[in-house]
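Accompanying notes for the structure given below.
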Amino acid sequence: MTIHYVDASAWAKLLVEEPESGPLAAYVDERLAAGETFASSHLLVTELHRLAARVGAAPTSVTAALSVLALTLPDAATFRAAGLLAGQVRSLDALHVASALDLGVVDFVSYDQRQLAAAATAGIPAASPGAVPAASPAAHDGRAL
């Protein structure tokens, strides 16, 4: 099974129109049509609902965006692995990378440069459809959140 891991900086672009929204939607649609799977941690549920509350998006739009994902629940080993990841990455972002490692994904779909760097260091290829390269990893964290 081919699994693509998505974080909030990516999936938020399906709720809030940004320059990368169209390329991301095309990337997702093509892979879903090919029978591939998109997954994330249950952390994404909270992250997207909080985003929707801030931008005034309907909760039903969050439900629709989440409906195509396989959601996983991090266990104690995932939390430990997240704490041991190399690099300067936030705690919740580290949990996303560790969750992706647990799933054996083919890529990590994100627009957060620090998180992508942590994923790459952990051996997970990055995907950021439509992204313009940032000047440095700390230049932009890619988050509408």
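The backbone N, Cα and C atoms fix where each Cβ goes, and this holds for glycine too.
Annotations in TrEMBL come from automatic prediction, not curation.
Now, the feature entries from TrEMBL:
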type	residues	note
BINDING	Asp7, Asp93	Mg(2+) binding site
COMPBIAS	126-139	compositional bias 'Low complexity'
DOMAIN	5-118	domain 'PIN'
REGION	126-145	region 'Disordered'
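Most buried of the binding-site residues Asp7, Asp93, judged by other Cβ atoms within 10 Å, is Asp7.
Counting residues of the domain 'PIN' (5-118) by DSSP class, helix then strand then coil, yields 68 helix, 14 strand, 32 coil.
Mean predicted confidence for the domain 'PIN' (5-118): the pLDDT average there is 96.
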